[in-house]
Amino acid sequence: MSWYSVDSEIESLERRHAGHHHTVNIKYGYVILALSIVHMVLSISGKKLYFKNWAETGRASSWWRSVVSIPFWVSTLVWLAIFAFLSIFHIEELSENYTTAVKRLGRMAYCLVPFTIFISLRPPNTVGYQSGYYLEKLNLHKWISRLIFATAIGHGLGFLYKWTKEGALAEKIFKFDNFLGVTVFALMPVLIFASVNVMRRRNYRLFYILHNVTLWMFVVLIAFHARPGVPLLAVINLALLGYQIYQRFFKSYYLHDISVVESPYSKMQIIRIPRPETFPSYLPGSHIRLGYSATNISAWLYATHPFTIASTNDDSESTLDLVMNKPVNFPIDITSPYTMTGPFPSLPPQFYTTARHVNIICGGSGISFGLPIYKYFVNSNRSIPIRLIWCIRSSDDTFILDHLLPERSIDVQIYITSNTGSLNQQQSASTIFDEEADALLEGDSTTNIEMANLATDKEEKKTDHFNTIHDGRPNFDDAFGNLAAAVDVDEKWLIACGPRKLIDDCRKWTKGKDIEFYSELYEM
(Lines of atoms letter the chains of each structure in order from A; the text may use other names.)
(Lines give C-alpha, C1' and ligand atoms only; values in the text may rest on other atoms or scores of the structure.)
Protein backbone atom coordinates (compact mmCIF):
# COMPACT_ATOMS: atom_id res chain seq x y z
CA MET A 1 0.00 0.00 0.00
CA SER A 2 1.43 3.38 -0.96
CA TRP A 3 1.85 6.28 1.44
CA TYR A 4 -0.63 8.17 -0.73
CA SER A 5 -3.38 5.57 -0.22
CA VAL A 6 -2.75 5.42 3.54
CA ASP A 7 -2.99 9.20 3.82
CA SER A 8 -6.20 9.18 1.79
CA GLU A 9 -7.72 6.54 4.05
CA ILE A 10 -6.82 8.50 7.17
CA GLU A 11 -8.32 11.65 5.65
CA SER A 12 -11.49 9.71 4.84
CA LEU A 13 -11.79 8.46 8.42
CA GLU A 14 -11.27 11.96 9.77
CA ARG A 15 -14.07 13.27 7.57
CA ARG A 16 -16.39 10.50 8.79
CA HIS A 17 -15.70 10.86 12.48
CA ALA A 18 -14.51 14.44 12.85
CA GLY A 19 -11.38 13.30 14.65
CA HIS A 20 -13.36 11.45 17.35
CA HIS A 21 -14.28 7.87 18.01
CA HIS A 22 -17.49 6.83 16.28
CA THR A 23 -19.21 6.45 19.66
CA VAL A 24 -18.66 10.08 20.62
CA ASN A 25 -22.35 10.98 20.23
CA ILE A 26 -23.56 8.36 22.72
CA LYS A 27 -22.86 10.60 25.70
CA TYR A 28 -24.97 13.42 24.27
CA GLY A 29 -27.96 11.11 24.14
CA TYR A 30 -27.46 10.28 27.80
CA VAL A 31 -27.13 13.97 28.60
CA ILE A 32 -30.59 14.52 27.09
CA LEU A 33 -32.00 11.55 29.03
CA ALA A 34 -30.47 12.84 32.27
CA LEU A 35 -31.80 16.37 31.73
CA SER A 36 -35.28 15.02 31.01
CA ILE A 37 -35.17 13.04 34.27
CA VAL A 38 -34.13 16.20 36.11
CA HIS A 39 -37.04 18.04 34.49
CA MET A 40 -39.50 15.35 35.62
CA VAL A 41 -38.13 15.19 39.17
CA LEU A 42 -38.17 18.96 39.59
CA SER A 43 -41.71 19.17 38.22
CA ILE A 44 -43.10 16.50 40.55
CA SER A 45 -41.12 17.73 43.56
CA GLY A 46 -42.24 21.29 42.95
CA LYS A 47 -45.88 20.22 42.86
CA LYS A 48 -45.51 18.31 46.13
CA LEU A 49 -43.89 21.26 47.87
CA TYR A 50 -46.54 23.62 46.48
CA PHE A 51 -49.41 21.49 47.79
CA LYS A 52 -47.63 20.92 51.11
CA ASN A 53 -47.19 24.66 51.57
CA TRP A 54 -50.83 25.22 50.59
CA ALA A 55 -52.05 22.70 53.19
CA GLU A 56 -49.82 24.12 55.93
CA THR A 57 -50.56 27.81 55.36
CA GLY A 58 -54.20 27.50 54.31
CA ARG A 59 -53.72 29.46 51.12
CA ALA A 60 -52.28 28.95 47.66
CA SER A 61 -48.92 30.72 47.48
CA SER A 62 -48.61 32.88 44.39
CA TRP A 63 -44.82 32.44 44.51
CA TRP A 64 -45.03 28.66 44.58
CA ARG A 65 -47.66 28.73 41.85
CA SER A 66 -45.34 30.73 39.60
CA VAL A 67 -42.57 28.19 40.25
CA VAL A 68 -44.67 25.13 39.37
CA SER A 69 -46.65 26.79 36.58
CA ILE A 70 -43.84 27.74 34.23
CA PRO A 71 -45.47 28.30 30.80
CA PHE A 72 -45.03 25.41 28.40
CA TRP A 73 -43.45 27.70 25.82
CA VAL A 74 -40.68 28.63 28.25
CA SER A 75 -39.86 24.96 28.83
CA THR A 76 -40.02 24.33 25.08
CA LEU A 77 -37.61 27.19 24.34
CA VAL A 78 -35.19 25.90 26.99
CA TRP A 79 -35.23 22.45 25.40
CA LEU A 80 -34.79 24.01 21.96
CA ALA A 81 -31.75 25.94 23.22
CA ILE A 82 -30.31 22.76 24.76
CA PHE A 83 -30.70 20.88 21.48
CA ALA A 84 -29.21 23.74 19.45
CA PHE A 85 -26.20 24.00 21.76
CA LEU A 86 -25.46 20.28 22.13
CA SER A 87 -25.95 19.54 18.44
CA ILE A 88 -22.81 21.51 17.52
CA PHE A 89 -20.89 21.41 20.81
CA HIS A 90 -17.23 20.46 20.43
CA ILE A 91 -17.46 20.01 16.66
CA GLU A 92 -14.66 21.78 14.83
CA GLU A 93 -15.08 22.92 11.24
CA LEU A 94 -18.80 22.25 11.20
CA SER A 95 -19.08 22.67 7.45
CA GLU A 96 -16.69 19.76 6.99
CA ASN A 97 -17.89 17.64 9.91
CA TYR A 98 -21.62 18.32 9.72
CA THR A 99 -22.42 14.60 9.67
CA THR A 100 -21.34 14.39 13.32
CA ALA A 101 -23.98 17.00 14.18
CA VAL A 102 -26.55 15.27 12.00
CA LYS A 103 -25.97 11.94 13.75
CA ARG A 104 -26.14 13.65 17.12
CA LEU A 105 -29.51 15.19 16.29
CA GLY A 106 -31.00 11.78 15.63
CA ARG A 107 -29.70 10.31 18.88
CA MET A 108 -30.83 13.27 20.98
CA ALA A 109 -34.31 13.11 19.44
CA TYR A 110 -34.70 9.44 20.35
CA CYS A 111 -33.38 10.01 23.87
CA LEU A 112 -36.05 12.64 24.54
CA VAL A 113 -38.91 10.29 23.63
CA PRO A 114 -39.21 8.81 27.18
CA PHE A 115 -39.85 12.31 28.50
CA THR A 116 -42.69 13.11 26.10
CA ILE A 117 -44.30 9.71 26.73
CA PHE A 118 -43.98 10.16 30.50
CA ILE A 119 -45.68 13.54 30.58
CA SER A 120 -48.58 12.13 28.55
CA LEU A 121 -49.30 9.34 31.06
CA ARG A 122 -52.65 9.49 32.83
CA PRO A 123 -52.38 7.92 36.28
CA PRO A 124 -55.95 7.61 37.63
CA ASN A 125 -56.99 8.95 41.03
CA THR A 126 -53.47 10.15 41.80
CA VAL A 127 -53.01 9.84 45.56
CA GLY A 128 -53.28 13.27 47.12
CA TYR A 129 -53.07 14.85 43.66
CA GLN A 130 -49.37 15.20 44.41
CA SER A 131 -48.15 14.91 40.83
CA GLY A 132 -50.66 17.47 39.62
CA TYR A 133 -53.21 17.38 36.84
CA TYR A 134 -52.08 15.39 33.80
CA LEU A 135 -53.81 17.76 31.37
CA GLU A 136 -51.61 20.60 32.62
CA LYS A 137 -48.73 18.93 30.76
CA LEU A 138 -50.66 18.58 27.52
CA ASN A 139 -49.20 21.59 25.69
CA LEU A 140 -45.70 20.69 26.81
CA HIS A 141 -46.18 17.15 25.48
CA LYS A 142 -47.40 18.54 22.17
CA TRP A 143 -44.49 20.93 21.66
CA ILE A 144 -41.78 18.59 22.92
CA SER A 145 -43.11 16.01 20.46
CA ARG A 146 -42.85 18.59 17.68
CA LEU A 147 -39.30 19.36 18.75
CA ILE A 148 -38.45 15.65 18.57
CA PHE A 149 -39.98 15.28 15.13
CA ALA A 150 -38.36 18.47 13.80
CA THR A 151 -34.98 17.30 15.10
CA ALA A 152 -35.46 13.87 13.54
CA ILE A 153 -36.43 15.51 10.24
CA GLY A 154 -33.23 17.57 10.43
CA HIS A 155 -31.31 14.32 10.94
CA GLY A 156 -32.97 12.79 7.88
CA LEU A 157 -32.45 15.83 5.67
CA GLY A 158 -28.80 15.95 6.64
CA PHE A 159 -28.21 12.42 5.42
CA LEU A 160 -30.26 12.91 2.27
CA TYR A 161 -28.02 15.88 1.47
CA LYS A 162 -24.89 13.83 2.20
CA TRP A 163 -25.97 10.89 0.05
CA THR A 164 -27.03 13.17 -2.80
CA LYS A 165 -23.70 14.97 -2.65
CA GLU A 166 -21.91 11.61 -2.82
CA GLY A 167 -24.09 10.45 -5.72
CA ALA A 168 -25.23 7.42 -3.73
CA LEU A 169 -28.79 8.44 -2.80
CA ALA A 170 -30.62 5.42 -4.24
CA GLU A 171 -28.05 2.98 -2.92
CA LYS A 172 -28.06 4.41 0.60
CA ILE A 173 -31.84 4.84 0.95
CA PHE A 174 -32.56 1.18 0.26
CA LYS A 175 -29.90 -0.16 2.57
CA PHE A 176 -31.94 -2.00 5.23
CA ASP A 177 -31.00 -0.07 8.37
CA ASN A 178 -31.16 3.24 6.49
CA PHE A 179 -34.53 2.34 4.96
CA LEU A 180 -36.00 1.91 8.46
CA GLY A 181 -35.05 5.50 9.24
CA VAL A 182 -36.30 6.78 5.88
CA THR A 183 -39.68 5.13 6.53
CA VAL A 184 -40.09 7.00 9.81
CA PHE A 185 -38.73 10.18 8.23
CA ALA A 186 -41.43 10.06 5.53
CA LEU A 187 -44.21 9.87 8.13
CA MET A 188 -43.10 12.81 10.25
CA PRO A 189 -43.93 15.73 7.90
CA VAL A 190 -47.36 14.17 7.35
CA LEU A 191 -47.97 13.98 11.10
CA ILE A 192 -46.78 17.53 11.68
CA PHE A 193 -49.16 18.76 8.98
CA ALA A 194 -52.03 16.73 10.47
CA SER A 195 -51.28 18.15 13.93
CA VAL A 196 -51.93 21.75 12.88
CA ASN A 197 -55.01 22.96 14.75
CA VAL A 198 -57.21 23.37 11.68
CA MET A 199 -56.36 19.95 10.28
CA ARG A 200 -56.47 18.18 13.62
CA ARG A 201 -59.88 19.53 14.51
CA ARG A 202 -61.24 18.77 11.07
CA ASN A 203 -60.36 15.08 11.36
CA TYR A 204 -59.08 14.22 14.81
CA ARG A 205 -59.43 10.48 14.28
CA LEU A 206 -57.03 10.60 11.34
CA PHE A 207 -54.57 12.63 13.39
CA TYR A 208 -54.84 10.21 16.31
CA ILE A 209 -54.15 7.17 14.12
CA LEU A 210 -51.20 8.91 12.43
CA HIS A 211 -49.86 9.97 15.82
CA ASN A 212 -49.90 6.45 17.23
CA VAL A 213 -48.57 4.76 14.09
CA THR A 214 -45.70 7.24 13.82
CA LEU A 215 -44.87 6.98 17.53
CA TRP A 216 -44.72 3.18 17.51
CA MET A 217 -42.72 3.09 14.29
CA PHE A 218 -40.34 5.70 15.65
CA VAL A 219 -39.79 3.77 18.89
CA VAL A 220 -39.41 0.34 17.26
CA LEU A 221 -37.77 1.00 13.88
CA ILE A 222 -35.25 3.54 15.14
CA ALA A 223 -34.11 0.99 17.72
CA PHE A 224 -32.85 -1.09 14.77
CA HIS A 225 -31.83 1.91 12.67
CA ALA A 226 -29.60 3.65 15.23
CA ARG A 227 -25.86 3.07 15.03
CA PRO A 228 -24.49 2.65 17.68
CA GLY A 229 -27.60 0.97 19.07
CA VAL A 230 -29.99 2.34 21.69
CA PRO A 231 -31.16 -0.80 23.56
CA LEU A 232 -31.65 0.91 26.93
CA LEU A 233 -33.71 3.74 25.44
CA ALA A 234 -35.76 1.29 23.39
CA VAL A 235 -36.59 -0.74 26.51
CA ILE A 236 -37.60 2.42 28.41
CA ASN A 237 -39.81 3.64 25.57
CA LEU A 238 -41.50 0.27 25.10
CA ALA A 239 -42.04 -0.06 28.86
CA LEU A 240 -43.78 3.33 29.00
CA LEU A 241 -45.96 2.52 25.99
CA GLY A 242 -46.76 -0.86 27.53
CA TYR A 243 -47.83 0.87 30.73
CA GLN A 244 -50.21 3.05 28.72
CA ILE A 245 -51.82 -0.03 27.18
CA TYR A 246 -52.01 -1.71 30.58
CA GLN A 247 -53.77 1.27 32.15
CA ARG A 248 -56.23 1.59 29.30
CA PHE A 249 -57.26 -2.03 28.81
CA PHE A 250 -56.31 -3.95 31.94
CA LYS A 251 -56.97 -1.36 34.66
CA SER A 252 -60.23 -0.09 33.19
CA TYR A 253 -63.79 -0.81 34.29
CA TYR A 254 -66.05 -2.69 31.92
CA LEU A 255 -69.46 -1.07 31.72
CA HIS A 256 -72.89 -2.51 31.01
CA ASP A 257 -76.46 -1.33 31.64
CA ILE A 258 -75.81 2.30 30.75
CA SER A 259 -78.98 4.39 30.69
CA VAL A 260 -79.87 7.70 29.05
CA VAL A 261 -82.06 10.47 30.49
CA GLU A 262 -83.21 13.06 27.99
CA SER A 263 -85.88 15.61 27.16
CA PRO A 264 -87.38 15.78 23.65
CA TYR A 265 -86.81 19.54 23.35
CA SER A 266 -83.31 19.72 24.80
CA LYS A 267 -80.09 18.99 23.03
CA MET A 268 -78.51 17.83 26.26
CA GLN A 269 -78.75 14.39 27.75
CA ILE A 270 -77.65 12.64 30.92
CA ILE A 271 -75.74 9.38 30.69
CA ARG A 272 -76.01 7.25 33.81
CA ILE A 273 -73.36 4.63 34.46
CA PRO A 274 -73.81 2.12 37.30
CA ARG A 275 -70.95 2.85 39.67
CA PRO A 276 -68.55 -0.13 39.79
CA GLU A 277 -68.12 -1.61 43.26
CA THR A 278 -64.37 -1.03 43.19
CA PHE A 279 -64.60 2.52 41.85
CA PRO A 280 -62.62 4.72 44.27
CA SER A 281 -63.67 7.89 46.00
CA TYR A 282 -63.17 10.99 43.89
CA LEU A 283 -63.07 14.74 44.27
CA PRO A 284 -65.79 16.97 42.81
CA GLY A 285 -64.94 18.04 39.28
CA SER A 286 -63.12 14.80 38.49
CA HIS A 287 -63.57 13.17 35.12
CA ILE A 288 -63.49 9.70 33.62
CA ARG A 289 -62.56 8.54 30.14
CA LEU A 290 -64.88 6.34 28.13
CA GLY A 291 -63.73 4.01 25.40
CA TYR A 292 -64.94 1.06 23.42
CA SER A 293 -64.55 -2.51 24.62
CA ALA A 294 -61.18 -4.11 23.84
CA THR A 295 -62.98 -6.54 21.51
CA ASN A 296 -64.05 -3.59 19.35
CA ILE A 297 -61.47 -2.56 16.75
CA SER A 298 -62.37 1.09 17.42
CA ALA A 299 -60.82 0.76 20.87
CA TRP A 300 -57.42 0.21 19.28
CA LEU A 301 -57.77 2.88 16.62
CA TYR A 302 -59.44 5.79 18.39
CA ALA A 303 -58.88 7.79 21.54
CA THR A 304 -60.86 7.53 24.73
CA HIS A 305 -63.24 10.39 25.49
CA PRO A 306 -63.13 12.48 28.69
CA PHE A 307 -66.37 13.34 30.47
CA THR A 308 -66.78 15.16 33.76
CA ILE A 309 -68.61 13.28 36.50
CA ALA A 310 -71.62 15.48 37.19
CA SER A 311 -72.65 13.47 40.26
CA THR A 312 -70.93 13.61 43.64
CA ASN A 313 -68.98 11.06 45.63
CA ASP A 314 -71.79 10.75 48.18
CA ASP A 315 -72.37 7.15 49.28
CA SER A 316 -76.00 7.44 48.19
CA GLU A 317 -74.93 8.01 44.59
CA SER A 318 -75.26 4.63 42.88
CA THR A 319 -74.48 6.01 39.43
CA LEU A 320 -71.87 8.15 37.75
CA ASP A 321 -73.80 10.81 35.86
CA LEU A 322 -72.38 12.49 32.76
CA VAL A 323 -73.82 15.42 30.81
CA MET A 324 -73.34 15.41 27.05
CA ASN A 325 -75.11 16.70 23.99
CA LYS A 326 -76.86 14.90 21.19
CA PRO A 327 -75.84 14.05 18.63
CA VAL A 328 -72.20 13.51 19.52
CA ASN A 329 -69.21 12.00 17.80
CA PHE A 330 -69.10 9.44 20.57
CA PRO A 331 -72.72 8.26 20.62
CA ILE A 332 -73.73 5.99 23.47
CA ASP A 333 -75.37 2.71 22.48
CA ILE A 334 -76.95 1.36 25.66
CA THR A 335 -76.75 -2.19 24.28
CA SER A 336 -72.97 -2.08 23.77
CA PRO A 337 -70.21 -2.57 26.35
CA TYR A 338 -67.74 0.21 27.10
CA THR A 339 -64.60 0.68 29.15
CA MET A 340 -63.94 3.43 31.67
CA THR A 341 -60.72 4.68 33.23
CA GLY A 342 -60.33 7.13 36.06
CA PRO A 343 -61.27 9.04 38.06
CA PHE A 344 -58.93 11.89 37.22
CA PRO A 345 -59.04 14.86 39.63
CA SER A 346 -58.80 18.43 38.41
CA LEU A 347 -58.72 20.69 41.46
CA PRO A 348 -56.44 19.59 44.33
CA PRO A 349 -57.80 18.55 47.77
CA GLN A 350 -56.36 21.74 49.30
CA PHE A 351 -58.87 23.80 47.35
CA TYR A 352 -61.80 22.11 49.05
CA THR A 353 -60.37 22.54 52.54
CA THR A 354 -59.10 26.12 52.29
CA ALA A 355 -61.49 28.00 49.94
CA ARG A 356 -63.51 30.60 51.86
CA HIS A 357 -65.63 32.18 49.13
CA VAL A 358 -66.45 30.55 45.78
CA ASN A 359 -68.35 31.63 42.68
CA ILE A 360 -68.81 29.25 39.77
CA ILE A 361 -69.94 30.12 36.25
CA CYS A 362 -70.68 27.43 33.65
CA GLY A 363 -71.50 27.57 29.97
CA GLY A 364 -73.68 24.82 28.51
CA SER A 365 -72.39 21.34 29.34
CA GLY A 366 -69.85 22.94 31.67
CA ILE A 367 -72.54 22.48 34.31
CA SER A 368 -71.18 18.96 34.73
CA PHE A 369 -68.00 20.45 36.18
CA GLY A 370 -69.45 23.27 38.24
CA LEU A 371 -72.45 21.48 39.74
CA PRO A 372 -70.65 18.82 41.82
CA ILE A 373 -68.27 21.46 43.21
CA TYR A 374 -71.26 23.62 44.10
CA LYS A 375 -73.07 20.72 45.76
CA TYR A 376 -69.97 19.80 47.74
CA PHE A 377 -69.73 23.22 49.37
CA VAL A 378 -73.49 23.52 49.91
CA ASN A 379 -73.58 20.16 51.67
CA SER A 380 -70.36 20.62 53.63
CA ASN A 381 -70.25 21.93 57.17
CA ARG A 382 -68.03 24.87 56.28
CA SER A 383 -70.90 27.24 55.38
CA ILE A 384 -68.84 29.35 53.00
CA PRO A 385 -70.51 31.74 50.54
CA ILE A 386 -71.08 29.86 47.28
CA ARG A 387 -72.83 30.86 44.05
CA LEU A 388 -73.47 28.97 40.82
CA ILE A 389 -74.30 30.66 37.51
CA TRP A 390 -75.27 28.63 34.45
CA CYS A 391 -75.45 30.15 30.96
CA ILE A 392 -77.47 28.22 28.38
CA ARG A 393 -79.14 28.95 25.06
CA SER A 394 -82.48 27.29 25.74
CA SER A 395 -84.73 26.95 28.77
CA ASP A 396 -85.36 23.37 27.66
CA ASP A 397 -81.92 22.47 28.99
CA THR A 398 -82.94 23.19 32.58
CA PHE A 399 -84.32 19.65 32.85
CA ILE A 400 -80.73 18.69 33.67
CA LEU A 401 -81.12 20.27 37.10
CA ASP A 402 -84.36 18.39 37.78
CA HIS A 403 -82.32 15.19 37.75
CA LEU A 404 -78.96 16.32 39.07
CA LEU A 405 -80.03 18.91 41.64
CA PRO A 406 -83.23 17.70 43.30
CA GLU A 407 -82.65 19.80 46.45
CA ARG A 408 -85.33 22.44 46.02
CA SER A 409 -83.78 24.75 48.61
CA ILE A 410 -80.68 25.39 46.50
CA ASP A 411 -80.75 28.44 44.28
CA VAL A 412 -78.93 28.45 40.93
CA GLN A 413 -78.72 31.56 38.78
CA ILE A 414 -79.59 30.63 35.18
CA TYR A 415 -78.98 32.96 32.23
CA ILE A 416 -80.68 32.12 28.94
CA THR A 417 -78.74 33.81 26.16
CA SER A 418 -81.19 32.95 23.35
CA ASN A 419 -84.96 33.27 23.36
CA THR A 420 -85.54 30.79 20.57
CA GLY A 421 -85.00 27.54 22.35
CA SER A 422 -84.61 26.08 18.87
CA LEU A 423 -82.89 22.75 18.76
CA ASN A 424 -81.34 23.62 15.42
CA GLN A 425 -79.58 26.65 16.83
CA GLN A 426 -77.74 24.69 19.50
CA GLN A 427 -74.46 23.10 18.70
CA SER A 428 -72.99 19.94 20.08
CA ALA A 429 -71.37 20.24 23.50
CA SER A 430 -70.55 17.05 25.28
CA THR A 431 -67.14 16.70 26.74
CA ILE A 432 -64.31 18.52 28.41
CA PHE A 433 -61.06 20.22 27.58
CA ASP A 434 -59.33 20.57 24.25
CA GLU A 435 -59.24 17.70 21.81
CA GLU A 436 -55.49 17.55 22.43
CA ALA A 437 -56.50 15.69 25.58
CA ASP A 438 -56.47 12.58 23.40
CA ALA A 439 -60.18 12.67 22.82
CA LEU A 440 -62.38 13.47 19.86
CA LEU A 441 -64.20 16.32 21.48
CA GLU A 442 -67.08 18.44 20.52
CA GLY A 443 -67.84 21.37 22.72
CA ASP A 444 -69.64 24.58 23.45
CA SER A 445 -68.12 26.81 20.82
CA THR A 446 -68.23 30.54 21.22
CA THR A 447 -71.21 30.59 18.88
CA ASN A 448 -73.08 28.21 21.11
CA ILE A 449 -73.16 30.09 24.40
CA GLU A 450 -73.26 33.69 23.35
CA MET A 451 -71.23 35.59 25.93
CA ALA A 452 -70.72 38.82 24.02
CA ASN A 453 -72.79 41.46 22.25
CA LEU A 454 -75.96 40.49 24.07
CA ALA A 455 -78.25 42.58 26.18
CA THR A 456 -77.75 42.10 29.90
CA ASP A 457 -80.33 41.04 32.44
CA LYS A 458 -83.75 41.90 30.99
CA GLU A 459 -86.17 39.68 32.81
CA GLU A 460 -86.23 37.57 35.94
CA LYS A 461 -88.60 34.78 36.93
CA LYS A 462 -88.82 31.70 39.12
CA THR A 463 -89.17 28.11 38.05
CA ASP A 464 -90.70 25.41 40.19
CA HIS A 465 -87.12 24.40 40.93
CA PHE A 466 -86.48 27.64 42.84
CA ASN A 467 -83.78 28.61 40.35
CA THR A 468 -83.61 32.26 39.34
CA ILE A 469 -83.80 32.62 35.56
CA HIS A 470 -82.59 35.66 33.63
CA ASP A 471 -82.78 36.55 29.95
CA GLY A 472 -79.49 37.72 28.46
CA ARG A 473 -75.91 37.42 29.55
CA PRO A 474 -74.67 38.01 33.09
CA ASN A 475 -73.08 41.29 34.07
CA PHE A 476 -70.00 40.14 35.95
CA ASP A 477 -69.93 43.10 38.33
CA ASP A 478 -73.44 42.22 39.45
CA ALA A 479 -73.18 38.44 39.21
CA PHE A 480 -69.91 38.28 41.14
CA GLY A 481 -70.45 41.38 43.24
CA ASN A 482 -70.49 39.36 46.46
CA LEU A 483 -67.07 37.95 45.62
CA ALA A 484 -65.48 41.31 44.84
CA ALA A 485 -67.02 42.90 47.94
CA ALA A 486 -65.42 40.38 50.32
CA VAL A 487 -62.23 42.43 50.64
CA ASP A 488 -61.26 40.98 54.03
CA VAL A 489 -61.47 37.35 52.92
CA ASP A 490 -58.54 35.29 51.67
CA GLU A 491 -58.85 32.35 49.31
CA LYS A 492 -61.62 33.80 47.14
CA TRP A 493 -62.15 31.75 44.01
CA LEU A 494 -63.86 32.22 40.68
CA ILE A 495 -64.24 29.00 38.70
CA ALA A 496 -65.23 29.15 35.04
CA CYS A 497 -66.05 26.18 32.83
CA GLY A 498 -67.27 26.55 29.29
CA PRO A 499 -66.18 28.08 25.96
CA ARG A 500 -63.01 30.09 25.54
CA LYS A 501 -64.80 33.44 25.33
CA LEU A 502 -66.43 32.89 28.71
CA ILE A 503 -63.15 31.85 30.31
CA ASP A 504 -61.19 34.76 28.84
CA ASP A 505 -63.79 37.28 30.00
CA CYS A 506 -63.81 35.82 33.52
CA ARG A 507 -60.03 35.81 33.72
CA LYS A 508 -59.92 39.48 32.71
CA TRP A 509 -62.54 40.33 35.33
CA THR A 510 -60.45 38.82 38.15
CA LYS A 511 -57.36 40.90 37.30
CA GLY A 512 -56.37 43.15 40.20
CA LYS A 513 -59.13 41.85 42.48
CA ASP A 514 -57.10 39.40 44.61
CA ILE A 515 -59.30 36.55 43.41
CA GLU A 516 -57.96 33.11 42.56
CA PHE A 517 -59.06 31.86 39.15
CA TYR A 518 -59.45 28.35 37.79
CA SER A 519 -60.94 27.27 34.48
CA GLU A 520 -61.85 24.21 32.44
CA LEU A 521 -62.17 24.69 28.71
CA TYR A 522 -65.16 23.02 27.05
CA GLU A 523 -64.49 23.63 23.43
CA MET A 524 -63.88 21.83 20.17
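Any Cβ shown, glycine's included, is placed from N, Cα and C.
Annotated domain 'Ferric oxidoreductase' per Swiss-Prot: 105-222, in sequence order.
Under the heading domain 'FAD-binding FR-type', Swiss-Prot lists 248-372.
Packing against the transmembrane segment (24-44) from elsewhere in the chain are residues 17-18, 68, 75, 82-83, 86, 89, 100, 103-104, 107-108, 110-112, 114-115, 118-119, 130-132, 228, 230, 233: each is 6 or more residues past its ends and has a CB under 8 Å from a CB in it. Taken from Swiss-Prot, the feature transmembrane segment covers 24-44 (among others), and the record attributes it to sequence analysis.
According to Swiss-Prot, the transmembrane segment annotation covers 69-89 (among others), on the basis of sequence analysis.
Summarising the annotation, Swiss-Prot assigns transmembrane segment to 104-121 (among others).
Per Swiss-Prot, transmembrane segment is recorded for 143-163 (among others). Taking Cβ pairs closer than 8 Å, the transmembrane segment (143-163) reaches residues 72-73, 75-76, 79-80, 83, 98-99, 101-103, 105-106, 108-110, 112-113, 115-116, 119, 169, 171-173, 178, 181-182, 184-185, 188-189, 191-192, 195, 218 in its own chain, all 6 or more past its ends.
Among residues of the same chain six or more beyond the transmembrane segment (179-199), those with a C-beta under 8 A of the stretch's C-beta atoms are 106, 142, 146, 149-150, 152-153, 155-156, 159, 173, 206-207, 210-211, 213-214, 217-218, 221-222, 224-225. Under the heading transmembrane segment, Swiss-Prot lists 179-199 (among others), citing sequence analysis as support.
Per Swiss-Prot, transmembrane segment is recorded for 206-226 (among others), and the stated evidence type is sequence analysis. For the transmembrane segment (206-226), same-chain residues at least 6 beyond its ends with a Cβ under 8 Å from one of its own Cβ atoms are 106-107, 110, 113, 152, 177-178, 180-181, 183-184, 187-188, 190-191, 194-195, 199-200, 233-234, 237-238, 241, 301-303, 438, 440.
For the transmembrane segment (230-250), same-chain residues at least 6 beyond its ends with a Cβ under 8 Å from one of its own Cβ atoms are 29, 33, 107, 110-111, 113-114, 117-118, 120-124, 215-216, 219-220, 222-223, 291, 294, 299, 304, 339, 341. Residues or ranges marked as transmembrane segment by Swiss-Prot: 230-250 (among others).
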Sequence-remote partners of the transmembrane segment (104-121) [C-beta within less than 8 Å, at least six residues beyond its ends]:
25-26, 28-30, 32-33, 36, 39-40, 79, 83, 86-87, 134, 137-138, 140-141, 144-145, 147-149, 151-152, 154-155, 158, 181, 218-219, 222, 226, 230, 233, 236-237, 240-241, 243-244, 247, 438
Which residue counts does DSSP give the domain 'FAD-binding FR-type' (248-372) for helix, strand and coil?
23 helix, 45 strand, 57 coil
